[in-house]
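Student: Just passing along the structure, written as structure tokens.
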Amino acid sequence: MQRSKKDALIRLFSALIPAFIFTNTLGIFITLLFPSAKTEGLSYVLTFAFLFYSALVMWIFHTPYIKTIAIVLGLGITLTGGGSYLIYQD
Amino acid sequence: MKTGLRQSMTWLHTWIGLILCWLMYFMFVTGTTGYFDEEIDQYLTPEVAHHETATDKQRFISAINYAQTNAMDAPEWFIDLEAKRGGLLTRLFYRTPSTEDGSPATSNNVLIDPRSGESVEDIARKTAGGQTLYRMHWRLHYINTDFSYYLIGVITLFMFIGVVSGIIIHRKIFTDFFTFRAQGNGKGWLDIHNLVSVSSLPFQLMISYSGLIFMITTFLPLIAFGSLGFDQNAARDIYQKLYPQIKVERSGIKATMLDAETLYQKLQEKVDIAQISSLRIKAPGDENAKVVAHIADNIYGARATLKYVFNANTGEFIETQDRATNPAMLFNKIMLELHEGLFADIELRWLYFLAGTLGCCMMATGAIYYVRKRKIKVKPGQAIPKSLRNIESTNIAVVIGLLASVAMFFNANRLLPLDMENRGEWEVHVMFITWLGCFIHAYFRPSEKAWMEQTFFAGLCCLMLPIINVITLDKHVFSSLASGNWLFASVDLFFIACAGIFFYIAARMKNKAITVQTPNKKVAQQRSPKPRVSQPALTRTMGQ
């Protein structure tokens, strides 16, 4: 399988920055939604955050189109970040 | 362009391996030595009678007595009471505050002989010890600690991804496990790579994911902070619940602390001293002074969080404290404990060492296979691409050169003058200077010769250590075997065995190179006037 240098670098950047931001916003969102005590929710989210992040990185290097990566990560960050903001405002 | 999961994961696995395998190999080699860090510490201070024993009471009383004599102005003492895998010494740590005349604050790490109650500083040679070697696997060396921590975090993440992608790309994981192709086409290295990876797979998964758990607070503080609405006070409250700290304010009123013997008896009324892993004495000499006893248990070892708090001046029991906990935190604690293996006895420790060694082999064989596969594709008479040549040189210097350098770290401990300034730091310098030499050698010698010569050099470095011990110490392999000092005997025998393995491999490389080159010498010379061009003997020999 061959990948151009540009394609590989875009994927690497997406894996290191936007995917990391998405992991954080999703983590915050789930912690806020967690029904039990905050310490417990936080512990669960932190424990499995890296598992999710790893899976996300693998998906980024697997999915065929960079546009898909941009849409998924962009939407993900907006929805989870916005959702967290709204929950917190409540 | 659509590709299958296996194809894309193969691409990812190859590139992660190519870019990060050298640093991962360094982490694995130094981390694997960490499973014997205490033993290496003992081996590197042969002047101390580590194999002799002391009672819990002797440890407790000697450490308290020493601290009361030498560190009454320190804000806190930390005493490590656990007998580290048969070790004799007790560790006392305290900070001396800065003084009004401008003397800066200092950190003091004192090793006390429980039988005499004296520090072994004047007896034992200064050494970087096994701790420095072990810390290199996450702190590296010569570079900023914070930067190395982030760097190692990213590498650990990609290592975890590398392991998972490695599982995905093997459709026939068990068939591959039992396959060995020694036809000289480089596939043999892939088969060895599969063998060592699959046989230590649970360890590789555990070690990489638990490594990430160490990084949680460094890499993901935003999740915690963000879920609390970026409120610093709320974050502090949660932190206090998860990691409760016993804070003691100095009252400024002086008080006499209990003497060591009485304190021992008072504590023993409430808790079994043998179960105490460490003691913290806060604000010693003050009216508010407290003794915090950390209790070790069989599951979490040193990560156990139960504490008993006593008044240091009366010995009166005040309270017990424990962390808030939940299944996720317990999972984290178990993973961290599995990573460090502090709970492991000697047999399990050897198993850890074996798994770590298999991890090193996994990196090394993967790196070698990458080069072999591409070298075979080079047609006779065609020059090997420079980039491939550079990768192979780095492979040589990292795979073999690092092992020689670690052996030189041990040799430096025996050879450097005992009164040398910064002796411990120089042991590390010797290690890295040797490694630098290996890099230079690998880049300037033809690759097949560099492999052979560095393997021979590694054997020589390993063999030097027991020989130097025989010449310079009374604790050498023969006397250790005769006196039943198994720690010293084991390390010496281990280095002799490593030397034997390296010499055997070097001899095999040399013989095969001669066998392959002799009949085709004329043809080979006609085809390749330069030594670096095509048909390297090692391509054939090492692939067989």
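Including glycine, each Cβ sits where the backbone N, Cα and C put it.
Copying in the features that TrEMBL gives for the protein in this structure:
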- B:525-544: region 'Disordered' (REGION)
- B:12-36: transmembrane segment (TRANSMEM)
- B:147-169: transmembrane segment (TRANSMEM)
- B:209-230: transmembrane segment (TRANSMEM)
- B:350-371: transmembrane segment (TRANSMEM)
- B:396-416: transmembrane segment (TRANSMEM)
- B:428-444: transmembrane segment (TRANSMEM)
- B:456-473: transmembrane segment (TRANSMEM)
- B:485-507: transmembrane segment (TRANSMEM)
Student: Given the transmembrane segment (B:147-169), which of the listed stretches B:12-36, B:350-371, B:428-444, B:456-473 has the most Cβ pairs that are under 8 Å apart from it?
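Tutor: Selected stretch: B:12-36, with the most Cβ pairs under 8 Å.
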Student: Should the transmembrane segment (B:12-36) and the transmembrane segment (B:396-416) be scored as in contact, given a threshold of at least 3 Cβ pairs under 8 Å and pairs 6 or more apart?
Tutor: yes
Student: Short question: most Cβ pairs under 8 Å with the transmembrane segment (B:350-371), which of B:209-230, B:396-416, B:456-473?
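Tutor: Checked against B:209-230, B:396-416, B:456-473; highest Cβ contact count belongs to B:396-416.
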